[in-house]
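Worksheet: the structure to be examined is printed underneath.
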Amino acid sequence: MSSSVQLFRAQRYQELKGQCLQQGQLFEDPEFPASDQSLYYDSAAKGKVEWKRPKDLCEDPHLLVDGMSSHDFHQGKLGNCWFVAACSCLALRKSLWQQVGDWCEQEWDPKKPRKYAGIFRFRFWRFGEWTEVVVDDLLPTERGELIYCHSNVRNEFWSALLEKAYAKLAGSYQALDGGCAAEALVDFTGAVAESINLEEGKYGEVISEQMKLFEDLMKVHKRGGFISCSISCPGRPSEAETALGLIVGHAYSVTAIRKLRLGESLVFSFKAEKLFMIRLRNPWGKKEWHGAWSDSSEEWKKVSNSERKNLGLTVENDGEFWMTFEDWCKNFTDVDICRTVNTSCFSLHKTWEKEMMYGAWAKHPEPLLNRSGGCFDNRETFLQNPQYLFDVKKAQDKVLVSLQQEDRRKYKKEGKGDNITIGFEILKVEDNRRYRLHKLTVQERVATSPYSNTRSVFLRRTLQQGRYVLVPTTYIPGVPTKFILRLYTDVPSKLRELKADRPKMTCWSLLCGYPRRVTQIKVHSAEGLQKQDRSGGADPYVLIKCENQSRRSPVQHDTTSPVFNTQVIFYRKDIDSPVTIQVWNSNLLSDQLLGQAVLAAAPGEPREQQRLRLRGRAGGEAAEVPGHISVTVLCSDDLAEL
């Protein structure tokens, strides 16, 4: 076993199996006993259940019969269609479901019955690490039938044992009642989960957005990701059936996505030349879509079985059906996407650089120590959350961010099992910031994630070159819990947590001095710069200097009115030393100074944006030169104010 795999409840599979074989006994799990405490967290929710082993339910038990299929999972009496939908998705990816449970090593061997010990192990990705869960093979039944998840083959027990291991991780079977398919898929694979509301995004109405979503989902599916969907309808009871045969509040797994060009030999009554199709599976194994392209619809009557096969529009089993993507967008409301983000160096597809940080929201009465400040609406406390710094090194880079809170199902017994509403903000900050933000002044709020009470929230955004601070938050202040932050970028981002409020005072501070003032500067833009080439343009950049520090902006090409939006922050020891802002023109051989502005940068100066005339380099009242710059300067002698 890899040392990176954690053992749930410190149970070692090989050790426990060896003990059982030595004693000639079948394993009985003391950590998840065959009793009501493993079935229910609510003492009032009891029923008459018999726990039986597979050998007591059939003559020839197996983990798998004829391999793994998305049709091997059927929902029982438990309201965990989300889990069954996730299992159906997982079954489509052999390389992924094999890492959840090694069925070859654990399969029954009828030739060596004495090597069977009634013990199984499964692995789940939990809170950033793989966790191995051991279970016995005692399964809850009524009248000789499995009452929870089961296969459509009577002697196949992979699904029932996988569900038992997952229930053990959650604390009980009842804790699995109600959930989100994306949560289970993340636990199976370590993927990144994203939730999309089709109604809010108007995907059923805006065709351009619908097509973007189709292309994105098709790419996710082709690259090994998972998709499930459901219908939320607050005004209707859960599991009610719509007029077109879909079940409200029920999780469906997406098993195929196709973009097809209709053949000339086919006669369809459609205006469009292409078909955008999606195939779904109902975990119940029945109850299908009754609309266009349903099994008995008029559309199929015009297509022979051989033509269906050629088009890839096949249906493997009951409970599986096709519909157009447009109908899907109009009839479903919620989509859960799990992306398997490629971080391999050996890949033909795009690869990502991954950073992962563990953190926690924690309450403290002292503002500088509080780490549970709530969302951006709580302006006074928002920055009292954990803060994470990262850099975008390219001119622009697509960034993927996943924020995941700890699984709270284990707290259901105490009545605290509901997910907390979480989200995050991304702020563009000073290019040289190294300490925590305390006040939002010149920084830019560039991205806000959805706020949701799902276990994970996700955001994709293209960011410009620069330095950023990511602030994960709960929606309401003062709600403590743990979280994992994952960041994916094209090049390394150097993600790290900002913990210090100000520069640290050391013994060297006594010798070399300690900062007495903090100064923020934002150079917004320049205008009217001197022309530098025949076409009347220039290639300007700005250089900001303070004491022995300096920061340079990227070059803005072919303009005499550049927009810089460059931010810097200086912790100044010599408060009498001015700040100099210089505008340079970039040349192949030698850069040329276009002008500069010198500022005292004292706390009493105006805090609003200023328009300053550029002057030459000579000391004193240097001569004016063409051009102005727009800047904002803020100063404080409290190093933890800005």
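For all residues, glycine too, the Cβ spot is worked out from N, Cα and C.
TrEMBL: automatically predicted annotations, no manual curation.
Source: prediction; values computed, not measured.
Annotation comment: TrEMBL describes 26-341 as domain 'Calpain catalytic'.
Within 10 Å of the C-beta of C81 (active site) we count 25 further C-beta atoms, all protein chains included. Taken from TrEMBL, the feature active site applies to C81 (among others).
Among the features that TrEMBL reports, active site is placed at H250 (among others). Summarising the environment of H250 (active site), the number of other Cβ atoms within 10 Å of its Cβ, over all protein chains shown, is 22.
DSSP assigns N282 (active site) to coil, not to a helix or a strand. Taking the Cβ of N282 (active site) as reference, residues of its chain lying under 8 Å away and at least six apart in sequence are, in sequence order, I247, H250, Y252, E288, G319, E320, F321. What TrEMBL records for N282 (among others) is active site.
According to TrEMBL, the domain 'C2' annotation covers 499-616.
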Secondary structure content of the domain 'C2' (499-616), with strand meaning DSSP E or B:
6 helix, 53 strand, 59 coil
